[in-house]
Structure formats: structure tokens, C-alpha cells
Amino acid sequence: MSGMVDLKEFLAELGKTQKELKNVIEQAKDIGLELKTNSKMTPEQAGKLYKYIVDGIKEQIQANQPAKNPEQDNKDDLNMVQTPKPLNKKVSKTPKKEETKSQPKPKKTKEKKKEAPTPIAKKKGGIEIVNTFENQTPPTENTPKVVSHSQIEKAKQKLQEIQKSREALNKLTQSNANNASNTNNAKKEISEVKKQEQEIKRHENIKRRTGFRVIKRNDETENESENSVTESKKPTQSVAAIFEDIKKEWQEKDKQEAKKAKKPSKPKATPTAKNNKSHKIDFSDARDFKGNDIYDDETDEILLFDLHEQDNLNKEEEEKEIRQNINDRVRVQRKNPWMNESGIKRQSKKKRAFRNDNSQKVIQSTIAIPEEVRVYEFAQKANLNLADVIKTLFNLGLMVTKNDFLDKDSIEILAEEFHLEISVQNTLEEFEVEEVLEGVKKERPPVVTIMGHVDHGKTSLLDKIRDKRVAHTEAGGITQHIGAYMVEKNDKWVSFIDTPGHEAFSQMRNRGAQVTDIAVIVIAADDGVKQQTIEALEHAKAANVPVIFAMNKMDKPNVNPDKLKAECAELGYNPVDWGGEHEFIPVSAKTGDGIDNLLETILIQADIMELKAIEEGSARAVVLEGSVEKGRGAVATVIVQSGTLSVGDSFFAETAFGKVRTMTDDQGKSIQNLKPSMVALITGLSEVPPAGSVLIGVENDSIARLQAQKRATYLRQKALSKSTKVSFDELSEMVANKELKNIPVVIKADTQGSLEAIKNSLLELNNEEVAIQVIHSGVGGITENDLSLVSSSDHAVILGFNIRPTGNVKNKAKEYNVSIKTYTVIYALIEEMRSLLLGLMSPIIEEEHTGQAEVRETFNIPKVGTIAGCVVSDGVIARGIKARLIRDGVVVHTGEILSLKRFKDDVKEVSKGYECGIMLDNYNEIKVGDVFETYKEIHKKRTL
């Protein structure tokens, strides 16, 4: 090993990088050592610099020129020590080594164990002695080491102990001739020690050097017969350690020989054996590392030593002291010789297991997802791979992208496929502005919704209660809008909501049931329970509200209220007088009989329910209806559920927002404040809000605008997502039905509720052959923009409900050849669109069997064809009718009868039991035994 220490190697041993080289050079200057990037140091300089960097012990280095090369440095050291050149040639590492070089012989395993200390260089007079190369000059890289006089005294004591062990060994040698060579080796080692002792005395006045040593792993066993280059790299060891190792080795051998006769035992592991697997760089120091070579032969870790005299400390104390000395300046690495990381191997296993856990996604068993969620959001919440989710939907016949929304059915299917338990949450809850209203709850009026079948007298009954005649103002005498009114009875107010009874207004009835406290089901006593009656009862049951039955038209003759009660009892609504829970009040909207009894029953039910609400704070209301009025813009009918809505308040309702400009009650009077359960018509909206949306009051316009924009963005993305979803079945239908007939329509209505009802009714008319395509719908009048949307379509039509186009729009419609149709009754609109669809649909073709004939003989006539001689077995065979030729129960040809003859005469038809001759059009492959089956096609119109 070279006597010079390269700066880069020094940095590597410290665990520092090249980036920290500058700091090391600066620290070297502090102790008087000038270094450069490629400089080398003597072991003494390296030792002092190490103590300064790690321990903070500052020892000044005498000013001298740093060695430019290892050869010059070694020459200076040799001149200082005045060591004779023959010394290195004469003294080798061990006597065994010298003997091996002079006479190479194969060595036994025992000899290798006995010569375990031989790879360690001996110190003679404080100088490291390293084997020389054969036929070469003495190595110049050996740096002389000088030790103190105290070490010489210790060496003498060790020598005496070795002398005693030698005497014991001689006795063993007599009993066992095989150990003679070991004794000779011991004698040679002792002679070498004496020579080293003399050398120590010569140089005892030379200043002792300090240094450091690093223990490294040497996994392969050193062989004494290796070449000199390998031997020159063998580690050195202190004199005291060498003597201690020799003593322990021979003592162990004495014990083994003594026990050999009794019981063979396995030799114990000794520190010497450990030294066989270590590589030591020793710069002589006063420190004694006898018992501190803590090295585990079975681990790959590199151990860092404290460089101080160590007591018998446990591993935890050693690690704590090491961390404190290093002070977080040494990087911890797997093979770093400066850190004792005894648990690295075990920790690496944990890391590998941790990586394996991360590579596999854990599928959750229960997840909470919103009601409408995108594909990638579902994958994230369920901790699934997005590709697996899309692949599963693809295999189920649904092509989606990661941004598409999943409907409830798709979510349930995915939950089954991935074995998940889901809890669906309301999507719009994240958009809700939660505000805790503080205050005292006060009594509020009940909200009563009147529902029932069409033409059962709901609006007429409400008109009688209000002393108004609203039914006469409705087109066709049927209610087509949802209305809200306030009625006072016995100094108490009751809010009534009138819902349409037509089947098209199912969603209106549902909204009315959602905001109501009490449901009044109006049933005509002369008509009984009908379809919309059952639907209204289902809405009330879903809303969990009490139901009161009003048996209307009791003034008519031949009414049967008991029959009506029986029909309701079959549905689960038993009358009170039959032992049930539901009140059946007989009333007459024409005469007014039973009205007071109905109102009193409603108030009693409200008292039982103890309806209360907080009046202070921001308002929360429900939009019952929205429309556009000339001169007022977008307006909405709202009913307040909590808080107070005042003129000037900012609000938002779905995508609409604004500030309350005016409020008008059902009597047309202007009001300033709207308290719970009160209804009014408000203005000041940015657009018509959807019917059934929640209106929420906020602090200012900016908050209202922001909330409305959030909802608009969400609804837009949702609509785009739904438009991109196409199933395989739908694609195949579109390809197969290239002649699918679509009727593009634009629908404009006066109110949002009516518009919604018309759209739903028209979409129900669609079938596999023709369909109505709503390309635009809105509240308000017909504009030129509506005309431009349908101008390029052949069958396009614009439908207006309760609105009239202006003269300019009519002229543009003629120019674009666009049909505009307006209606005031929803019945007429739906029936006309049904007729239009039927006209575009192909008729239904049915077959009618007319006759059957059996072939008895065939005649081939040149230039004419084959004529079949037949007997009519059933019905009548006519000329020009379609016929099937059946052979052995299989239809082989279908065509028309070209010629029909009886004998030589042409006839129009032949009846059952008669013979005839039949010739088919362009077919001559007729055989005896074939059967003719004739039929005619009947075209029938389709119905919707």
C-alpha cells in the first residue's frame, strides 16, 4: 500500500462528495496544510486533518513542502529515520511468508489458520515493515512508524508471555509430531519480534505520529502463495495487537490439544479469524483498539469506529455517539465505512416489500360517490385503474371517455363488476351555500298542493275558495301552469299550489308535492280514481306528506261516494269513517258546499304538524314557475321555505342570478318582504330559472354570479358528456337505419313548466322509424335565430305554445320555407305531432292467405316455359296474385302467377277442386309434388 494518501480517497473515506472538496481544502488551511485538488498527503497530515474535521481537534502542521509524488515522500521519511536498506530485505511480514518465497510448498488448512496473523505487517521500532518484491529494490511507499517507549515495555511483557506459551507448545510438540512446524514458526516470529524491538530502541526519540484506521470488508481469504503485488496490499497492524493475537491463538491451540483426547470440539471463533477478513490501514497512534474491532463476519455492512478508547458500550450507545461525532456531515450509504448500519440488510427487505405494496392498487370495499360522477373521478374515488373502468364499460357495450358522466345504472354495473359497495350522494350538495340560520322558529302558514286527474275540478275548487274565476282564463278550461295563491281563513293564512292534471305535467305535480306540507287529492265523485289520481298519490307518498281527499262534484245526480272510497281503500287509503286515517271531504266547486269543512280540516292538520320556520337571515325559496313577460323580462313564481326575501336582495337559482327588483303577490299587489310559506312573483333575474330549482339569497352580486357560473359550467359539461355517449346498439341502429326519419323542431313556450311538459310528451312519441329531434327550446317569443336553426331541414317545424310570432318573423319564415305552428292547448299540439309522425312512417304490411294448389304434372313448352298441371286443394287461385312454391316444406321461390289456364282457356281464378295450369313469372324449375300457396298483402297504417 502506498504511503501517501490521495485527497480524493480521503474525501471518499469521509463520505464527502466533490462538491465539498472546497470546504475540506479550507479546513486544511486552518491547520497549516496547503492542498490542491490533486494533492496527496502523508499519513500524519491525513490523520491530523481527519481529527480536525471529525472531532474538531486542531493540531497545527509544521510548514513543509507537500510531497509531489510518493517516491520523494518515502525518500524523505527514510532519510529521517536513517533505516538501513538491508532491513527491508531481511525482514518480511512473517517468517512464513519469507519461507514461502524461498521454497514454495503447498500448505495445509491448519497452517493457514495458525498463520492467521501473518498477513499483518509487524512493527519494528515503530516502522511498518512490508514484504518486498523479489528481485526488486526496496519499496519506497513504506512509511516508517515511530512508537513511544511505553509500547516497547508492553512489547517486552508480551514477549515473556509468548515465551511461556512456547514452552507449553514444546510439550505438545513432543506428543504430536505434526505440530513441529508450528513451533518453528513461533520461534521465527519471536526472533522477528526481537529484531523489531531493537529497531524501536533506535528510533524511540522520533516523534510519534497520529492517524486513523478504516476497517473494510475483504470477502476472499488471502492466500500466502499469492504474488508479491497482492502481498504488498496486505494490511498492517499495531505491535500490541499482533502480540495479543499470537498469544490468543496459541492459548486456543493448547486448549484444543488438551481436549482432543476426550471429545473433539469445534474451534471457537477468535479475533484473529476476523482479521483474516479485514483490511486495515494503520497509522501508528497511542490509541489501543484491542477489544474495539467490532466486526460481524456474516454481514455486508461497513463499520465506523470512534477513534477513541472505547468501553464496553452497547450498540445503541455506540450508534448515538457516532451520530453525534459525524454531526450529519457524513452521508449514510450502504458500503460507507464511516457508519455502523447493522440493520441495512433487514431494512432493504422492508423497502422492497413497500414498493411491491405501492405497485398494486388496493380496491376499496365501500365508497361514497356523487350522484353524477365522471369516469376518471369514479376511478379515483374507488382507487381503480382508469383503463380498467373504461374497458369494463366498453365490454358492456358503452363507449365513454374519461370526462363522460356516469348515470346511476352505469355506477351500479361498475360496482358489481369490481365488488364495491357504493353510497350515492347528491351532486349539487357541493354547490349549496350553507348558512346556519339563527333565531327563534315561528309558526308559518301551511303549504297545500291540490292534485288530481284532469277535469276533476281542481282549479274550479280553488277558484271557489279564492272567489276568483281562474279556470275561465285557462285555454281549453284546463290548467297548464302551476299556480300559487294565498287564502285567509279564520285569521290564518294558507298557501295553495295548483298543479296541472294532464299527464304531460307529471314533473309539475312532483315539484308541487316536494314543497308542500299537505296534499289535497281532488277526485270527481262521478268519475272515480283515474290514472293521474294514482300518480298524484304516488307523488304525495314519495314526499311523505299527509293526504286529504276532496270528493268533488257532489252536486251532480247519481254520484256514488262509497264507490270512490272503496277504490281508494284498494290503494291503501282507508277513510276515517271506515276505521282508517284519511279524511274524505265531500265538496262542490259549483255550489260551494263543503269548502269551509275542507279549510278547517286543513288548518287542524297544520296545527297537528306544528309547522314552524326561522324568519331571520338569508332566504331559501323554491321556484315554482318561470317565464318571460314583456316589459319585465324574466320572472319567477317562488315560495319561501326559510328566511326572508326582500326587495334588493341578491340571489341565484341554478344558472340564473340577480337582485330582487319587485315582488308581487297573487292579488297583483306589490310587497317588500316575503316570509316563510308566502308566494310571490319576482323580477330582476338574468334568465328564466328552471322550474323546481332552489333560490338562495347571498350577500352580494359577485357571490351570486360566481355560484351561477359554477352551476352553468357543470351543467354544460354534463350535457356535452351525455351527447358523446353512444352504445353499440345505437351505432348499429344508426348504420342499419340510414333512412331514419327525423323531424327537427324548435319549441318555444310561455313558461318553463309548460316547455318542460311539451318536450317530455314529444319525446315519448319517438320510435324505431321516426323521431322528433328537439334542436332548441326556450321560454319567450319566436325569433329569427330560431328560424335559422331549422332553415336547412326539410321537415323542420317551429312549435309555439301560448305565444304568437311577429309580422317580421312570419315573413322570414315564408322566405326560409319554415312552418310555424302555434297552440294554446297542449292536447292539440301533441295530437298534431303524432299525426305528422304517422304520415312519415311506413304502413304495416299483413298477409292474407287466398288458396293452395298441388302440382300433379309438368309440361315444358319451348320458348314459353314450364307449365304446372295442378289441382286446387284450398281456397281460390287467381291470376296475377303472389304465390310461394313450396317443396318438401321449404319455400324455393316466391313470385307472381303469370298465366292461369283451365284447359286451353285463360281464366282469372280457379276454385277449390278444379284442375288448372299455372305458369310463374321467370321461373321454370317446377317439379311434381310441389305446392303453390297464394296470398295477398294488406297495408295498414301505424298507430302511436
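Even glycines carry a Cβ here, placed using N, Cα and C.
Given the structure is predicted, the values throughout are model-derived calculations rather than measurements.
The GTP binding site annotation in Swiss-Prot covers 452-459, 498-502, 552-555.
Summarising the annotation, Swiss-Prot assigns compositional bias 'Polar residues' to 132-150.
Residues annotated as compositional bias 'Basic and acidic residues' in Swiss-Prot: 151-169 (among others).
The annotation compositional bias 'Low complexity' is assigned in Swiss-Prot to 175-185.
The compositional bias 'Basic and acidic residues' feature in Swiss-Prot is assigned to 186-203 (among others).
Here Swiss-Prot flags 204-215 as compositional bias 'Basic residues'.
Across the compositional bias 'Basic and acidic residues' (244-259), DSSP assigns 16 helix, 0 strand, 0 coil. Annotation comment: Swiss-Prot describes 244-259 (among others) as compositional bias 'Basic and acidic residues'.
Summarising the annotation, Swiss-Prot assigns region 'Disordered' to 61-281.
The region 'G2' annotation in Swiss-Prot covers 477-481 and is backed by similarity to another entry.
Residues annotated as region 'G3' in Swiss-Prot: 498-501.
Residues 456-457, 461, 522-527, 561, 586-591, 593-594 of the same chain lie 6+ residues outside the region 'G4' (552-555) yet bring a C-beta within less than 8 angstroms of a C-beta in it. According to Swiss-Prot, the region 'G4' annotation covers 552-555.
The Cβ of Asp455 has fewer other Cβ atoms within 10 Å than any other of the binding-site residues Gly452, Asp455, Met554. The Cβ of Lys458 (GTP binding site) has 27 other Cβ atoms within 10 Å, all protein chains considered. Looking just at the region 'G4' (552-555), the mean pLDDT is 85.
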